[in-house]
Amino acid sequence: MLSGLKSQVAKVSILKDIKGVIKPGRMTLLLGPPSSGKTTLLLALSGKLNQSLKVTGEITYNGYKLEEFVPQKTSAYISQYDQHIAEMTVKETLDFSACCQGVGSRAEIITEVTRREKQAGIIPDPDVDTYMKAISVKGTVKTLQTDYILKILGLDICADTLVGDAMRRGVSGGQKKRLTTGEMIVGPTKALFMDEISNGLDSSTTFQVVSCLQHLVHLTDATALISLLQPAPETYDLFDDIILMEKGKIVYHGPKKQILDFFEDCGFRCPKRKGAADFLQEVLSKMDQEQYWYPKEKPYSYFSVDQFCEKFKASDIGRKLDEDLSEPFDKSQNHKNALSFSLYSLSKWEIFKACMKREFVLMKRNSFIYIFKAVQLVIVAFITMTLFLRTQMSIDVFHANYYMGSLFFGVILMLSDGYPELFMSVSRLAVFYKQRESCFYPAWCYAIPTAIVKVPLSMIQSLVWTTLTYYVIGYSPEFPRFLCQLIMLFSVHLTTISMFRFIASVTQTAIAASTGGLLAWLFLFLFSGYIIPKSSMPSWLKWTFWVSPLSYGEIGVTVNEFLAPRWQKMSTNTTIGHQILESHGLNYASYYYWISIGALFGFMILYNVGFVLAVTFLKPPGMSRAIISQEKVSQLQGKDDYSSGNVEEKPTIASAHPKSIVEPMKGRMVLPFEPLTITFQGLQYYLDVPLEMKKQGITQRKLQLLHDITGAFRPGVLTALMGVSGAGKTTLLDVLSGRKTSGTIEGDIRISGYPKVQETFARISGYCEQNDIHSPQITVEESVMYSAWLRLSPEIDSNTKAEFINEVLETIELDEIKDKLVGMPGVSGLSTEQRKRLTIAVELIANPSMIFMDEPTSGLDARAAAIVMRVVKNVVDTGRTIVCTIHQPSIEIFEAFDELILLKAGGHMIYAGPLGQHSSRIIEYFESISWVQKMKDKYNPSTWMLEVTSASVEAERGVDFAQIYRESTLYKENEELVQKLSIPPPGSKDLKFSTRFPQNGWCQFKACLWKQHLIYWRSPDYNLRRSMFTFISSLVFGVLFWKQGKNIHNQQDLFNIFGSMYAGVIFLGVNNCSSIQPFVAIERTVLYREIFAGMYSSWGYSFAQVVIELPYLFAQSLIYVIITYPMIGFEASVFKILWYLYGTLCTLLCFNYLGMLLVAATPSVNVSAITSSAFYALVNLFSGYLIPKPQIPKWWLWFYYLMPVSWVLNGFLCSQYGNDNREIMVFGETETVSNFIRDYFGFHHDQLYFVAIIGIAFPLATAALFAICIGKLNFQKR
């Protein structure tokens, strides 16, 4: 039956028969298209390959096998992913890395050099001598080596800037990429394996970084294997050797100067104006290979990878490689310090001190969160102490329950206050795993400082709470008892944050940690002895009371309070204190207080030991396994037609003029559009000076990022927007497109001569963001259809729309992957290059007149970048206005543009005009400046222009390229052109639309609901997770409160039943509220993009988000009711069952919509999680369980009515027992159940229908607030 559900797992070879020698003192470039095995090879050589992969063969360093030394310490693997602690500065990150990596053999070398200098009577250069000695001192927190690395990587300008992340403003993407490189090379490691280190860097910066690495390798005899995506010719020329890979095989491994000759021998020649690196990657592709076939007299046939490999093996270079491999390395020639045989560079104590110092820095940087939590605690404390005010409560049996409730709330609050530790710990794990794998420190050096720095924070939280509430609530006034409560709450807080930290280390991801944390919370909450006393638990479950840390907290605070002298008054043959303790199953002697303290510290130690073991032995969470087609499996297994020879390739005669890879397809789109020109004159953009810069002494109030920018973009003209990192390229694009959410813009922007109106402009323009933001759970075609549904005019019939969708998919070359899910970047779904093309497609489907593209080729290899540029050329050919920012284009891609705007650092324009044939116009312009260095042959013009206009050249020459441009004739020509284009053409009309959005509100709602349906249906991790939590929780409730609904004999039995309702509402609600927050947050980033694009109003989106939850929450409610209702033993009445179902559904709706509201009203999931914990505390307080409505002071009664849970619990208890006239014992007297509910809780059975109306009003109000906030609040900082 279930055989059809089995997943098919295929074994594929990632690397196939790889062999080679990487020699010291030589720079080796690793080239190959995506999925060719480059990253796997780098990981294998650095000793960091995933243990789940099966490896055969042998890797040696100087003759030593990997298991004979510590390869992770000997080599440095520099990942293509930038993982850093956002709260640390660039310099602090490098200093910490330098401290942990140590000085290696530098100390021994400087000692030996000094000895020989003395013998030879040589007096060293003082500066060099000082530097060498400074970088040879172990364990220093700040080193000269850090300053040197900062300088060579160009990071000295941002050394004191926070690294930052999506939540904090920090360094740019390019600077973060250089920091990733610097973090590893700041150490003494001489074997460097670098994976795509140029992503996000302009070609000039890439050249500078690789040039520095070249000097490092050549001067120190280091070994370097560096993978680059699109190396420019001048960067390519810095390397000595090349390794070319494809399909997991090495096609070539040898000297760079011989590789082009090798391919000529195979029949393929690199064109004159083609970068060698681009040629090498494209010549292996079946689609692009033919254009490089040069023996025109011979017919061309596809030359497979296997054929290239065989040709290489037979070549002189291949035979020389085999000879080198056949001669084993003589270990006696190995220097003792060349390899690392110990895991760590410093003593454990020195490493521990460094980690401890870092934790204190991070605690200081996260002070906002801790202050926010403390303020939140003060507010809750104020509410609590004025709710349980001592003047309102007497020392008697009746009011003793309220004292018990306030004590339990204090313990629960310490538990909930520790919950954010779960997500803060998970967020640190990625960086920890990277540093652990690089042997920066042993795991315990990370775990113990993390635990230690939280001790004072726990003390502060418990001290704030106890100091504010103890005497105002009116607990026993003896000062020792005050101290005892403080120590107990401190112990509970410390234990719970240790528990959540342990759960985070085991679960490793935010979603799994959230589930694990809530299940732990459920266990601690239910079995602590307050919701249901130990004496009322099933006998076989009573052991759980003793394994819940919260039980010991409850015992401690209650014994400390109720065994005080004032509670020793007699009541029915026993003291009031003993009576209340007995009724709650907590009647223990006073020494149990100290047993509880010991137990809590025991749990704390246990959790921290578990945390240390988890971070020591658990592997990092792996990436999802790829889902690939059978055809792809066959190719990876080497069974494809081309390699196996199953299909005969027909030879063809190569064209004399092969088609360029970026040559566009000619043709027009189905839908007509109006070509438009955009002109901008005197553009200025100002931003408030960040606080960090003010601290560095900058006094000005505004920071100007764009200075007097003037230009025009015209239809059918492809314009490149270039400049070094920080020049203001994206800023200019955002200003022109109206995407800026902060700052001040000055200047004139016109569309075909008319002033720009943003609402209209959004309808006729498209914006392709660099980050490729899409909904992960829908397919490529569905993404395009959704955009078309909302952005095309309703007058266009469905057949024309369908034809246009197909044409766009073909134009953007997505038709073959239209049924593929988009997926999460780097985890599943589309590749980076496919995501780039999808970004273009969803904008093009709107039939815009102009499109802005931010870095469309960033993160792509030369082949993929060429595909994207061919797509861009296809779009330009339709007559649209296209502007692209671009970082490091190859010669061919750069020259695919028609015009160029070049900015220098600080947002100054230094060139605006045509490129010309083979970049002739721009070369002519800069070479006309007498002292500018002429461009070398085969040099990339884009790199050359960035180099000759760099800040260092300006400083050296004492010139300003922006001033030179303003004084040129080109500037005057551009001014005249802008003036001409700023006047509306005769007979033209300003663009106006009768409505703000292309579709009406109902169509927007339908489209959004359709998309939300697909997203929810394809998100089993979200929906199954909350359903499974409901199922498990329901079983726990059912077992714990088994048949107690029928057995009510006294007030405690009724309290137990009310406790089951209270716990069910709280836990189902909290689980749903916390589960939906990260889910909605992912879609919120997509929402911001789509709102900016003018696709829909926030109301259409928000109502669709609200409605789509209904069927899932109804199913969840059914699961809960079907399990708990019969197991707890409620009356089998249709009316009462429906009421129970209705109340459960209202609860889930309200908490779900609350979670959505908190995400919409806060800047990040972290802040919404902390805010929601405060709401949970208030829900607990004013639910009517800890303190019933009649006992709530008048000044807080309004808050009780504002709490949705209070109304739901009212409905639950009233519907079940509001008309029950059985008599029970209540505090020693006989009373009917219905009267007790009315008198004690203030619930009236005749008001049930009013309660029902209020119950549904809360979800409706919360949903409306969500719709308002998601539309009015935008936390995207641009």
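Just so you know, the numbers here start at 1 and follow the chain as drawn.
From the backbone N, Cα and C atoms, a Cβ is placed for every residue, glycine too.
It should be emphasised that the depicted structure is a prediction, and the values quoted were computed from it without experimental measurement.
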Transmembrane segment per TrEMBL - which of 858-876, 1086-1104: 1086-1104
Intrachain residues whose Cβ lies under 8 Å of the transmembrane segment (591-618), provided they are six or more past its termini: 429, 432, 436, 442-444, 446-448, 451, 484, 487-488, 491-492, 494-495, 498-499, 501-502, 505-506, 508, 549, 552-553, 555-556, 559-560
Per Cβ pairs under 8 Å, the stretch of 440-473, 479-503, 1054-1074, 1167-1187 packing most closely against the transmembrane segment (1110-1130): 1054-1074
Closest-packing stretch to the transmembrane segment (1086-1104), where packing means Cβ pairs under 8 Å, from 479-503, 1054-1074, 1248-1270: 1248-1270
Leading stretch by Cβ pairs under 8 Å, where the reference is the transmembrane segment (1167-1187) and the options are 479-503, 510-532, 1137-1161, 1199-1218, 1248-1270: 1199-1218
The domain 'ABC transporter' (5-272) [mean pLDDT, rounded to integer]: 79
Annotated stretches the transmembrane segment (1137-1161) and the transmembrane segment (510-532) touching (3 or more Cβ pairs under 8 Å): no
Stretch of maximal Cβ-Cβ contact with the transmembrane segment (510-532) [cut-off: under 8 Å; candidates 367-388, 479-503, 1199-1218, 1248-1270]: 479-503
Range from 367-388, 479-503, 1248-1270 with the greatest count of C-beta pairs under 8 A to the transmembrane segment (1199-1218): 1248-1270
Chain residues in Cβ proximity to the transmembrane segment (479-503) (below 8 Å; excluding those fewer than six residues from its ends, i.e. six or more beyond): 410-411, 414-415, 417-419, 421-422, 425, 450-451, 454-455, 458-459, 461-463, 465-466, 470-471, 513, 516-517, 520, 524, 549-550, 553, 556-557, 560-561, 564, 593, 596-597, 600-601, 603-604, 607-608, 610-611, 614
Same-chain residues near the transmembrane segment (1248-1270), Cβ under 8 Å, at least 6 residues beyond its ends: 1084, 1087, 1098-1099, 1101-1103, 1105-1106, 1139, 1142-1143, 1146, 1149-1150, 1153-1154, 1156-1157, 1160-1161, 1204, 1207-1208, 1210-1211, 1214-1215, 1218
